[in-house]
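*Asks:* Per TrEMBL, the features are:
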DOMAIN    108-446  domain 'Peptidase A1'
ACT_SITE  ASP126  active site
ACT_SITE  ASP322  active site
Amino acid sequence: MARFTRELASSATSVVILSIFVLFNNLSSSVFVSAVVLDPSTTILHPPNADINRQTMFLPLFPSPPSSSPISSFSGDGKTQLHLQKSDSHRRNARMALHDDLIIDGYYTTWLWIGSPPQKFALIVDTGSTVTYVPCSTCQECGNHEDPKFDPKSSSTYKSVKCNKNCTCDKDKKQCVYENVYAEFSSSSGVLGEDIISFGNQSEVSPQRAIFGCENVETGNLYSQHADGIIGLGRRYPSLVDQLVDRGVISDSFSLCYGGMDIVGGSMVLGGIPPPSGMVYSYSNPARSPFYNIDLKELHVAGKRLALSETVFNGSLGTVIDSGTTYGYLPEAAFLAFKKAIMKEVHSVKQIKGPDPSYDDICFSGAGSDVSQLVKSFPSVEMVFGKGEKLLLTPENYLFRHSKVHGAYCLGIFQNGNDPMTMLGGIIFRNTLVMYDRKNDKIGFWKTNCSDLRAPLAV
């Protein structure tokens, strides 16, 4: 996850965030430090043409480490512990609400409680990050966020992760540390600790011990954001999902469901749920990259296939979906074809300037304020996956509201500079249950009302 501020957007260069792994020797578990790499030949994530109230989020790019043990976790005493895997039928899940507004805030948060007694935190949900962290009470360089800082001394169950040969240590060689640096050069660093994490009263999962970052320094946007920190749901340890799976607490799956346009929040489930009837799937190749990728082959607009080679969606890291990215980004050829097809199909609306004259947003007026009626003014879009399965996208999956003109909307899909990677952020999956079935290397999609997820899924 990383964000470009509005001020930075005008001068942003091609920046890649590579989180460098410091690997545990035992069973290849890992603690992370990170570094910034400036390389014009690699991934370029341009901020969208945005108005001043919009925040944009981007995932960090990190290389894949050697395969880690599916049943290992790192304990605070520096020892690796093994945990027997339970059958999926005996595992429970943690259902958690999502909060905040994707467009206004640039992210969704969920709430975790850490320590004994529990201390509450609002954490950005990010499938592109692996370290979960919160501000520490010792932090003199942290901003004012939604909740008070975490106080290790107030928790009777807190334990620091002591310095050992398997982690990066502080200068006094006493504790393991972490550091994350993001694309606009905001950063988070601190010590690693272990404590009891609780998931709220909707969770079937009892409180669990887990490793997290206790933040001592934050800079840039991380300093000024409202959210307290980040919950890392990435594909590698020490992702919270990996820790819970390794302990046999949940099955190797989780799901996210974002509310629709004008709907704040959504739902998240850590662990497996029965797949709904009608869910469509795409293969997700964990060997290709540590990101959650999909096998996108075609885009259709108004039922017509864009005249593109299917390889256009297979460049660089392929097609990546990420909860820490707000909008959609296409390679140049795909974006130009998509924009042309949209423009060809809109007849009852008028193209207007975007909310900020500094940016060349593609916006339209005259569609009215009722989101359910946008299908009368804008075409449907379909994503076609490797086995021919199609996911239907409605206008709310590629448009956002114009902040200054009532009843006006702008395209929320942009060109990804000169980079061949396709990146699909949260806007693409509004009112779509996205099931990250890591055990079976596939990602499922199901259109639904995400503001009322519990009833149709019986979770």
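Cβ from N, Cα, C; glycine included.
Fair warning: this is a prediction, and the values are worked out from it, not measured in the lab.
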*Asks:* Quick one: pull the CA-CA distance for ASP322 (active site) versus ASP126 (active site), whole Å only.
*Replies:* 7
*Asks:* For the domain 'Peptidase A1' (108-446), what's the model's average pLDDT?
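*Replies:* So the average pLDDT across the domain 'Peptidase A1' (108-446) works out to 94.
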*Asks:* What count of other C-beta atoms do you get within 10 angstroms of the C-beta of ASP322 (active site), across all chains shown?
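*Replies:* ASP322 (active site) is surrounded by 24 other Cβ atoms within 10 Å.
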